[in-house]
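Some features that TrEMBL has for this protein:
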ACT_SITE  123  active site
ACT_SITE  141  active site
TRANSMEM  12-30  transmembrane segment
TRANSMEM  67-88  transmembrane segment
TRANSMEM  100-121  transmembrane segment
TRANSMEM  133-153  transmembrane segment
């Protein structure tokens, strides 16, 4: 394998590390500067609202027991491993797929860190219009959503 090819594969690991690091750092900042359930207006239509998510995306399954929460850890680790294999095996010319896998992995690792260290995921971005509020989310969730959209659009165009 040539040095150029190795670089073209490894550069996506930088994106994974960057996303998970920014996600973890942003959550730590929120935990240090806001009280649980504290709301801090940030800009029109966006607040910081510190909350704990015991479920998966958008608090789905938040009522599950600890046993199932640890099952989520195992499932997440399995998905990350599968995506890392797909990332490694993807043709270097399929940059959209590589970016999508990297975004998915980076986001999954950010939320996995929370789930293992705290038993829940820290959410803090509150998007709203008038009295309607979208589910509170974090940077990892955003990364996973964008990665999913890239994969969907890429596969739709094939």
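Yeah, the Cβs are placed from backbone N, Cα and C, and that goes for glycine too.
What TrEMBL says about a protein is an automatic prediction, not a curated fact.
Residue pair residue 141 (active site) / residue 123 (active site) shows a Cα separation of 9 Å. The number of other CB atoms found within 10 A of the CB of residue 123 (active site), across every protein chain shown, is 23. All chains included, 22 other C-beta atoms sit within 10 angstroms of the C-beta of residue 141 (active site).
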